[in-house]
Amino acid sequence: MSFVHQKCRNIDTVYLGSNIHRLNVPDNLVKWSQEWSGYNPPAHTDPKVDGAVWADPEIDEKTFQPSWNAIDGKINRVSYVCQYSFDPVTLRPLNPIGRTGLSGRGLLGRWGPNHAADPIVSRTNDNGDLEFVAVQRHDNGEWAIPGGMVDAGEHVSQTLRREFAEEAMHGIVDSENLDELWNNGKELYRGYVDDPRNTDNAWMETVVFNFHDSKGLLKNVALQAGDDAKALRWIAVNSNEPLYASHSHFIDLLKESHSH
């Protein structure tokens, strides 16, 4: 895989919610296949993760017997990228893209892949410009596609609809007027996310679907930021607005899919 992650190697700022800086990982030493005998990054798992019902326990806890690279009960531990491997000493899963300069789980609940779903709801405005719904994140103020984590036992299609409702419709999930919109989604991406929360042992993956409102179904729907977001607005795809994590790449895929 030629892709090299950037946002989860940022050493200019501390890791979200902590005072910890990542170890600097040069581009040529990102891949695990590159020998780096002295690699010893700081370890960090946020206190909010420790003991949380939605999170894994520590990897060496005797009662923790996960099925890696598999559907583990209600938890999907399969990576969209590849069969991930493990650190021979700690037995922790290894980020398939490579080193991040931080071990542990950071803010992520699961060892290995942490699955999300990102719905891009789009329309063509009166000027003929393609736009999408974006929300402003509380944690860092960046604009993002509404989305979130797939709950244990939840199907991705449910997550897409639920997350958009929670973040952009003030929690009104069952708006029958929008069934037609939700039933005509197009998958744009399935894979790894260069997310600032990623670590050597826990990382974000997502499925991105586009739901294009070609019939004006949203005209009579009051879109407003939910509790998880600071603000909401439509953003034109050609505005070059800086976006969170890999979301700019997803918008490039949206543009590409509407250019045919």
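If you go along the chain as it appears here, the first residue is 1 and each next one adds 1.
Backbone N, Cα and C atoms are what each Cβ position is placed from, and that goes for glycine too.
The shown structure was predicted, so the numbers you read here are calculated from the model rather than taken from an experiment.
The Mg(2+) binding site feature in Swiss-Prot is assigned to GLU163, GLU167; the stated evidence is similarity to another entry. Following the DSSP three-state reduction, the secondary structure of GLU167 (Mg(2+) binding site) is helix. GLU167 (Mg(2+) binding site) has a Cβ environment of 27 other Cβ atoms inside 10 Å.
The domain 'Nudix hydrolase' annotation in Swiss-Prot covers 113-257, and the record cites sequence analysis as its basis. For the domain 'Nudix hydrolase' (113-257), the mean pLDDT of the prediction comes to 91.
The motif 'Nudix box' annotation in Swiss-Prot covers 148-170.
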Checklist line | Sequence-remote partners of the motif 'Nudix box' (148-170) [C-beta within less than 8 Å, at least six residues beyond its ends] | finding: 54, 73-76, 109, 114-119, 121, 133, 135, 182, 185, 207, 209, 211, 221-229, 232
Margin query: I'd like the number of other C-beta atoms within 10 A of the C-beta of GLU163 (Mg(2+) binding site), please.
Written below: 23
Note to self: Just to be sure I understand, if DSSP states are collapsed into helix, strand and coil, how many residues of the domain 'Nudix hydrolase' (113-257) fall in each?
What the structure shows: 38 helix, 53 strand, 54 coil
